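TrEMBL has this to say about the protein:
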- 21-42: transmembrane segment (TRANSMEM)
- 48-70: transmembrane segment (TRANSMEM)
- H71, H201, H205: Zn(2+) binding site (BINDING)
- 114-133: transmembrane segment (TRANSMEM)
- 140-158: transmembrane segment (TRANSMEM)
- 164-188: transmembrane segment (TRANSMEM)
- 200-223: transmembrane segment (TRANSMEM)
Amino acid sequence: MTSALSARRPTAFVKPRMRGWIHFWSLVVSVVAGATLIALAASTVSAAAAVGTSIYVVTVLGLFGVSALYHRKTWKTIGARTWMRRLDHSMIFLFIAGTYTPFAMVAMQPTTGAVVLAVVWGGALGGVILKLAWPNAPRWVGVPVYIALGWVAVFVLPDLLHNAGMAALVLLIAGGLMYTAGAIFYATRWPDPWPKTFGYHEFFHTAVSLAALCHHIAIWLALYA
């Protein structure tokens, strides 16, 4: 009986009070900002811009929505928590690919953009399969893949500079550095100064939200470069 109950119940864990709230409010802001971005891209730029920004916004909302739900709710069983972890970690890969999509469609030469889309979406699909098949993989397995996929842009910096402009490129790099810092916070579980209120995971979530803001502004600049 005891073993059966323990199989159904997740290990006791007291969440920091801020766990999940950063991405919840990021979701709220992203709904408004994303809808505005899509509407203006469709009405003032091009159909390609509308498609690219729509894919981007869907992945942003998916990332913040799944993360907020996973981290705010207390899941009653190990099975439910494991499935939500699968979705949460998988959305990071889709979000990375989604962020590349509008840049590839409006700020790169067609051939270059097609190659970038194939690489990032192929990598994202591989990452999703990894997370679905191995939800409890060590952090040293997933984090380097996140970082490598996120820095594919280094191979197309000249295209981005020429077609999106210096300001957009600077914001892209700044956002990439924030994402990398967040991944390091997550992998090392540091810093963790106030574990009952604002722990290492909150630093990770803050870095992701700030990086997403940088990239959102960069997309605006690329659309109207």
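Indices start at 1 and increase along the chain as displayed.
Glycine too: its Cβ is placed from the backbone N, Cα and C atoms.
Automatic prediction, not curation, is the source of TrEMBL annotations.
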Fewest other C-beta atoms within 10 angstroms, as judged across H201, H205, which are the binding-site residues: H201
Which residues, same chain and not among H71, H201, H205, have a CB within 8 angstroms of the centroid of the CB atoms at the recorded Zn(2+) site? M18, R19, G20, I22, H23, S67, E202, F204
Write out the long-range same-chain contacts of H71 (Zn(2+) binding site), meaning residues 6 or more apart in sequence whose Cβ is under 8 Å from its Cβ. K15, R19, G20, H23, D88, H201
In terms of DSSP three-state secondary structure, what is the assignment for H71 (Zn(2+) binding site)? helix
